[in-house]
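**Q** Annotations per Swiss-Prot:
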- 1-28: signal peptide (SIGNAL)
- 29-213: domain 'GH11' (DOMAIN)
- GLU106: active site, nucleophile (ACT_SITE)
- GLU200: active site, proton donor (ACT_SITE)
Amino acid sequence: MFKFKKNFLVGLSAALMSISLFSATASAASTDYWQNWTDGGGIVNAVNGSGGNYSVNWSNTGNFVVGKGWTTGSPFRTINYNAGVWAPNGNGYLTLYGWTRSPLIEYYVVDSWGTYRPTGTYKGTVKSDGGTYDIYTTTRYNAPSIDGDRTTFTQYWSVRQSKRPTGSNATITFTNHVNAWKSHGMNLGSNWAYQVMATEGYQSSGSSNVTVW
């Protein structure tokens, strides 16, 4: 979920996914999950492209999450993507995003953002894929999640110290983040829910075009 200076939940999108709000479709050999959720505010035009491609144009939105990835996440997955367009005007993340259960954890690996860079309780750093990421944790109480509207869960964050350049192929070696989190006592759950490379935004405008494999 988003953690901005103002109290709102951009992750509400993912949190509210509960079955009816998200759709999964077989879209490529390497990706099988298409996520498209909006709270109804503003205009969000999302396109489920061929293969692992998706695009989204948004204007004066509330909260939305659009992305492609996998129905079942993995701690061992290497995510490749190309953000040919990444142009947020306001709050937004370009991020690997997903959930685990047992325990219930919401996690982010944020490669770029708009006007706000997320933070939390600082735990350390991890070097991966040509960049250094700050590690944070946050906790949500009585908040929406994949398990209901009023749950308590922890969020794990790896946030790149500087925005990652876009427009060329990029890699997120997720295992590096998982191992770094473990070293700080941040253990993910044993039951993996979806895992997507997402465009997430709140009260903003912009456009993105991302291919995931």
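Every residue, even glycine, has its Cβ placed from backbone N, Cα and C.
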**Q** Applying a 10 Å Cβ distance cut-off over all chains shown, what neighbour count does the residue listed as 'active site, nucleophile' have?
**A** 23
**Q** Report, in whole Å, the straight Cα-to-Cα distance of GLU200 (active site, proton donor) from GLU106 (active site, nucleophile).
**A** 14
